[in-house]
Amino acid sequence: MVITGYDEGFENYMDMMNETGFGFAQVWPLLTSGFLVMAVTVELMGISIIAPASQCDLKTNQTKITALNCSAFIGVVVSLYFWAVLADSYGRRWILLLSTSVNSCISLISALMPTFPLFIAMRFCVGIFIAGPSFAAITYLAEFCTFYHRRIVIIYMAMFQGFAMIYCPVMATLFIHQKWTYDLGLIVYKPWRFLMLLNSLPGLIGIFLLIGLPESPEILLCTQRKQECIQVVKWIYRVNKRKELEWEVEPEDLSCPGYRIVDEQTCMELMNQSRPLFKKPYVVPFLSSCVVMSSLFFLGNGLGIWFTDLRNRRIHEDLELYTICENMRRFHEFYSKVDGCQVTLQSFRDSMFLGATYLIMFNVVALLLRYISPKIIVVALQILCFLLGGVLPWITDETTTSAIFIIFLAIPNCLIALVSGIVIEFTTADLRGKAVCLCILIGRSGMIAGTFLVGYAMDVNCELTYNLFGLYALACSVVSVLLPGKWKCFRLIADQPELRSRSMSVIRTRSMLRPTEMYETMLRK
């Protein structure tokens, strides 16, 4: 492994990328990455509908449902870093193809499992392979874009989470309550098993779109496949501008900043590639990003995976007279005398509203990014989460409760993409996959903690559980102050003193320049 600086060779590469502009060569990876992100969301969050619906066939209780909700996430945590090392060492595209293809097969097989132990084991395997697109999709898309377009494009890619959150309850509304069954001998095939087949469709669409795309140009550059990198940049230019790139550049004129792979390495050396993230200048922004990410997953997914189930735990008689926690207690008292198999999910309306709110929030964040620093957005919205979490368990009006609950979950899920974009911007291509992966890894760990907290504490003390989620958002909003701004992100990968001086001179005159002019000035030779 060789350490290189942010030198003229990488400036040449960025100049080439700036010439390609923005067009269908970015829209195509955007749609591909979007469907892969949608596949991740549907696989991981769709189980929140399938788990309660399968409780009679698999003979599960609340404890087993909690374990089932977490099984795929635990698989993600176990395997995520290994996928990141492979993606940074050999490329993003083949990792996406391999992991998504195998995941789709395992997901379809898991729908045929006859017993709970086999089902939860297969869901764990689903998590192992869905970990690939959970981080590689965002880095793959980012490396087709210039610095100026990355953040907004990543936000629009993350909007597919909203489509996923609409897709799941819509499919459940159409199929989950149907009464048809097919006796296959080993199992009785029911609608909840068919729903798992439908949950595999976004991943299959993503694979189909990915087949026609090339590898990320920046990872080709950093893995010493410079001629291939040049060909991909020319492909981007040709697709966007409908003509050939006339700028001739030799492979030796290009270089990648940071740690680049130049020969075969041992497994231990591959595993140690993330060590620069825990040293200056990365350590403070990276660790603060990890803490913030854990908060966002803890709130948005740890509580979010229970959203459909929690919203169905209510008795509709005199609904407006009780808070969300009082309605849950009434629900348990009513069904304590009834066979658990009769307790089914009835309404997916709020889940659909949650998905629609995701789409609105992503558009709002994309608009704010044009005028406000991402760090300010992250801090402000986490403080808003704290306020919403504080009042949520004490409101009796059902409409207001639904609106607050939905916004409370939508905010952190939108910020996950924003924080991922910040991590992508302050790391070089060879560290980028591992940095995003470790952030998501810590975030998923926070999500597992949140899932278990709801599963085991919500029935014990509902009000305190909601307040704990809000307090955690407040604590992490303080840590968010340590996140780097956009100029700090640029300087973190600028090792040359001359480039640092140039970036500082641009920062001092930024009030006189439009954003596009600032980036062009900073990237110009």
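Glycine residues also receive a Cβ, built from the backbone N, Cα and C atoms like all the rest.
Record features, source TrEMBL:
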TRANSMEM  27-53  transmembrane segment
DOMAIN    27-488  domain 'Major facilitator superfamily (MFS) profile'
TRANSMEM  65-87  transmembrane segment
TRANSMEM  94-113  transmembrane segment
TRANSMEM  119-141  transmembrane segment
TRANSMEM  153-172  transmembrane segment
TRANSMEM  192-211  transmembrane segment
TRANSMEM  282-307  transmembrane segment
TRANSMEM  352-369  transmembrane segment
TRANSMEM  376-396  transmembrane segment
TRANSMEM  402-424  transmembrane segment
TRANSMEM  436-458  transmembrane segment
TRANSMEM  464-483  transmembrane segment
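Two recorded stretches are said to be in contact when at least 3 C-beta pairs lie under 8 angstroms, sequence spacing 6 or more; the transmembrane segment (27-53) and the transmembrane segment (464-483) fall short of this definition.
Against the transmembrane segment (464-483), stretch 376-396 has more CB pairs under 8 A than any other of 94-113, 192-211, 282-307, 352-369, 376-396.
Note: the stretches the transmembrane segment (282-307) and the transmembrane segment (119-141) are not in contact (fewer than 3 CB pairs below 8 A, sequence gap of 6 or more). The transmembrane segment (192-211) shares the most Cβ pairs under 8 Å with 94-113, out of the stretches 65-87, 94-113, 119-141, 352-369.
Long-range contacts of the transmembrane segment (402-424) within its own chain (CB-CB distance under 8 A, at least 6 residues past either end) are made by residues 138-139, 142, 150-151, 154-155, 157-158, 161, 285-286, 289, 292-293, 295-297, 299-301, 303-304, 307, 311, 324, 350, 353-354, 357-358, 360-362, 365, 369, 374-375, 377-378, 381-382, 384-385, 388-389, 391-392, 395, 432, 435-436, 439-440, 443, 469, 473, 483-484, 489. Same-chain residues lying 6 or more positions outside the transmembrane segment (352-369) and placing a CB less than 8 Å from one of its CB atoms are 151-152, 155-156, 158-159, 161-170, 304, 307, 377, 402, 406-407, 409-411, 413-415, 417-418.
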